[in-house]
Amino acid sequence: MAEASMGSSAKMSDEVQPRSYWRWSKQDFYPEESFQNWDSYRSALSQISFRFKDRLLSRSDDANEIGELRKRSENDMKRCLNWWDLTWFGFGSVIGAGIFVLTGQEAHDHAGPAIVLSYVASGLSAMLSVFCYTEFAIEIPVAGGSFAYLRVELGDFAAFITAANILLESILGGAAVARSWTSYFTSLLDRPTNSLRIHTNLTNGYNLLDPIAVGVLAIASTLAMISTQKTSYFNWIASAINTIVILFVIIAGMISPSLRFAHANTSNMTPFLPFGAKGVFQAAAIVYFAYGGFDNIATMAEETRNPSRDIPMGLLGSMSIITVIYCLMALALSMMQKYTSIDPNAAYSVAFENVGMKWAKYLVALGALKGMTTVLLVGALGQARYTTHIARAHMLPPWFALVHPKTGTPINATLFITVCSACIAFFSSLDVLASLLSISTLFIFMMMAVALLVRRYYVRGNTPRTNLWKLVIFLQIIIVSSMGTSAYWGLNPNGWVGYTVTLPLWFLATLGISVFLPKQRTPKVWGVPLVPWLPSLSIATNLFLMGSLGYEAFIRFGICTIIMLVYYVFFVSIPPGSAHAVRPTHDESAQLSEQLPFQQAYSK
């Protein structure tokens, strides 16, 4: 009996010994054998070319992302969200920094009254990306969002480049919104714009230190770590208040009870294009940041009760309404105040003050603060979930993949994003952050459109080699012709000869996919309509908007990409590929020679 009891006790001890969430061992950060000592690491470095090729060829699959990788978090996230939560999360994550901050900045510097057209252009491109995200989120409902989708369709290396840009976007996005929060809080207190920041002798753009931004980021991340459901409740209330303020801006700024413009002055709309069409698209590329938060909704698929129903309703519904709201609010600002007089830091508050509604200044500032608070709050949720899934794939230390057993939230990942954002928000100004943020967002959305075309027209092991090469060639033509259109626009905005080459090439390549390639996969529940035309148009518009950004954005983007590649070579590519992605089987060896150029073409 005693032996049986001891055996039973030992068995129970082996079965029930959960590891503490709060642990800090080397094994939790670098568990792979290659990192256990310097000899193992040097040995792994000597095989870097083989292992890099292994990454290039490796692709994950739906089952691996949904099943195996999720187990690496040790605890599941709680399924507590429905379409109502996702719709309000859509409002909370998108409406805030973009419309209240970037509208004034871009109307003043680049677009003038035509800022309305900038929002139309960027809104169209964003809606095309929303279609792609929706289909993927239904098919692969995991926390990784675009990282997981690209890992399945374009491979491990392409997913890493995108993952690095996701992290860059997350960190910079939080920093930009936090600094904007300080500007509007200053306006609410009726103080000079930078009076609450610490003035230093550092380089211009980094010389105004912002401790308030750090505090706001800390509060938002704390709420996000406590509970996803409670965060949703708070977001409902804050978003509802923000919606009331938005309606006030549109009605009081434009329409009076007699259906005439109340505080609008049509003379403020002339000249309508003071910076020309180039200024419109340059502004569109920047204000695209205003639509960027919707991808956070896709990362919540793992916590959604019925992803196939709730995600389309939450994503498509919220983004359609938001696009209309943005255009109306941009029009209201342009008609209330001459673009040369718009305050780039607190545009709406100052505009109402100038038309004699000083009290409205405080209401708008309060609404803007509420909006930016929800952007930070929902951003803390979505960005942490991106980070969690990236860590599940061991592209970040797996310690960041852990989900807390009680809260059901990824506390470690949330802290990582918050600390990085706070460090940048403390030093960097909004204009330094916005262009780099936009180029990362546009790059990710372009890659998503490419991935969707690959998903529809290529299935590993089933697609004939000739069809694979046709797809590669057509996609290359679509990308190159889109880049050519963007480059020609930047070099010669008033020309037209170049478009007679680039636009027909884009059209014929898209037509070629439609006519010569049979679809290899049909969406199970909901799919993007008009494939390949809408995804191809998404590629073209995102690349065009990227080309509209200034050269400084590309320099910063290039520097960040080099740093990413160094990290990839010395850390991510060191462990064997089986730890990260599904490696092709021996029976699929014939496909390997096909996949290599395919991966190379779309990881650039």
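Using N, Cα and C of the backbone, Cβ positions are placed for all residues, glycine too.
Quick look at what TrEMBL lists:
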DOMAIN    526-571  domain 'Cationic amino acid transporter C-terminal'
TRANSMEM  80-102  transmembrane segment
TRANSMEM  114-136  transmembrane segment
TRANSMEM  157-178  transmembrane segment
TRANSMEM  208-226  transmembrane segment
TRANSMEM  233-255  transmembrane segment
TRANSMEM  275-294  transmembrane segment
TRANSMEM  362-386  transmembrane segment
TRANSMEM  407-427  transmembrane segment
TRANSMEM  433-455  transmembrane segment
TRANSMEM  496-518  transmembrane segment
TRANSMEM  525-547  transmembrane segment
TRANSMEM  553-574  transmembrane segment
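Same-chain neighbours of the transmembrane segment (208-226): 174-175, 178-179, 181-182, 185, 194, 196-200, 234, 373, 376-377, 379-381, 384, 404, 407, 409, 411, 414-415, 417-418, 421-422, 425-427, 429, counting only residues six or more beyond its ends whose CB sits under 8 Å from a CB of the stretch. For the transmembrane segment (275-294), the partner stretch with the highest count of Cβ pairs under 8 angstroms, out of 114-136, 362-386, 496-518, is 114-136.
The stretch in 80-102, 114-136, 407-427, 525-547 that contributes the largest number of Cβ pairs under 8 Å to the transmembrane segment (157-178) is 407-427. Highest Cβ contact count with the transmembrane segment (362-386) among the listed stretches 114-136, 233-255, 407-427 falls to 233-255 (criterion: pairs under 8 Å). Within the chain, the transmembrane segment (80-102) has long-range Cβ neighbours (under 8 A, six or more residues past its boundaries) at 176-177, 180, 183-184, 228-229, 232, 235-236, 238-239, 242-243, 246, 286-287, 289-294, 296-297, 300, 303-306, 309-311, 313-315, 317-319, 321-322, 325-326, 329-330, 345, 347-348, 367-368, 371-375, 377-379, 381-382, 430, 434.
Predicted-model confidence for the domain 'Cationic amino acid transporter C-terminal' (526-571) is 85, expressed as mean pLDDT. Listed as Cβ neighbours of the transmembrane segment (233-255) (distance under 8 Å, sequence separation of 6 or more from its ends, same chain) are residues 88-89, 91-92, 95-96, 223, 261-264, 325, 328-329, 331-333, 335-336, 348, 351-352, 357, 360, 363-364, 366-368, 370-371, 373-374, 377-378.
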